[in-house]
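A.B. asks: The structure that follows is given in the form of structure tokens.
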């Protein structure tokens, strides 16, 4: 363990200036929005007729699901856009979005855990359901950089390295695990793998409100697990609970990545890397696919940048020492092997392990 340094005072303004690259990612995603313009009239017609139309099939789609006119009006458009991804008529978009949305469960678990950290009192970090709900209507690649920008600015190092501010409870970890399974994975996978395309559309309507389902489940089960939680003799039950949660999300993401690479016909570059930036695609399906590719890249660029910034904070206060060239190189190589989003929860878990070790050593020294 490196020697702990005194945590220097750092203004939010200075942290905000340092974190400005996050907003550049949002600017990139904002430009990418324009690439969806060709698909607009197609989606509008499908919403109007409630039929997903292709050259080979006409598939009835749901128009109005929640019974709330505002929500139904918004998600009529969103679910039709998702049908273009999930019905497999654009194979590349199908595989890319499957990997993206499976990976996002791990990022969502991290966001939920951070919301329950005692030191995170900033309203956007503490109640991420609003940010996530808005992201379902816009694009996570646009909102995630803003979220991580604010989360970094309002979470200085002392909020992580102070045990009373940084510690997560076992009950919360277990509750989020239940929420991810029931509120995210259960509707997500049938949206892609159900044999009936109409049923895929039905499941996607349920999945769209996962921020509401998962937050509600987490709130309810965290109360239940808090009452049930009893000491079982383990030295660090929080660490074990986090390992199970993060490990489970990562294993699922890795499995989907390997399945996708084995099944798709295009190359990784063709499926996951946008082919347009300066010019705009004219084909509707290609335009939508390009937006989703940028969405994935911008979302995880912001997520990994947020982790890197926090590792830098921990390095400055002596919690760890990092060879950045080696760390980035290993992350890139492993990203190709196990999937671009698979490592995100694992790296976050590594940060938590370092914090637990540092805080445990500090508490031991205080007792001595």
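Just so it is clear, glycine is given a Cβ too, placed from its N, Cα and C backbone atoms.
Summarising the annotation, TrEMBL assigns transmembrane segment to 60-82, 94-111, 131-153, 165-185, 205-221, 241-260, 291-311, 323-350.
Provide an account of the burial state, proximal residues and distances for the features listed.
C.D. replies: Within the same chain, residues 39, 43-44, 46-47, 50-52, 97, 136-137, 191, 198, 201-202, 204-205, 208-209, 288 sit at least 6 positions outside the transmembrane segment (60-82) and bring their C-beta atoms closer than 8 Å to a C-beta of that stretch.
Sequence-distant neighbours of the transmembrane segment (94-111) (same chain, 6+ residues past either end, Cβ-Cβ under 8 Å): 82, 85-88, 128, 132, 140, 147, 176-177, 180, 184-185, 188, 192, 210, 214, 245-246, 249-250, 252-253, 256-257, 260, 263-264, 266, 271-272, 289, 292-293, 295-296, 299-300, 303, 339-342, 344-345, 348.
Outside the transmembrane segment (165-185), and at least 6 residues removed from its termini, the chain residues within Cβ reach (under 8 Å) are 105, 108-109, 112-113, 116-119, 158-159, 207, 210, 213-226, 228-229, 237-238, 241-242, 244-245, 248-249, 252, 352, 355, 359.
Sequence-distant contacts of the transmembrane segment (241-260) (same chain, at least 6 residues past either end, Cβ-Cβ under 8 Å): 95, 98-99, 102-103, 105-106, 109-110, 113, 168, 170, 173-174, 176-177, 180, 185, 338-339, 341-343, 345-346, 348-349, 352.
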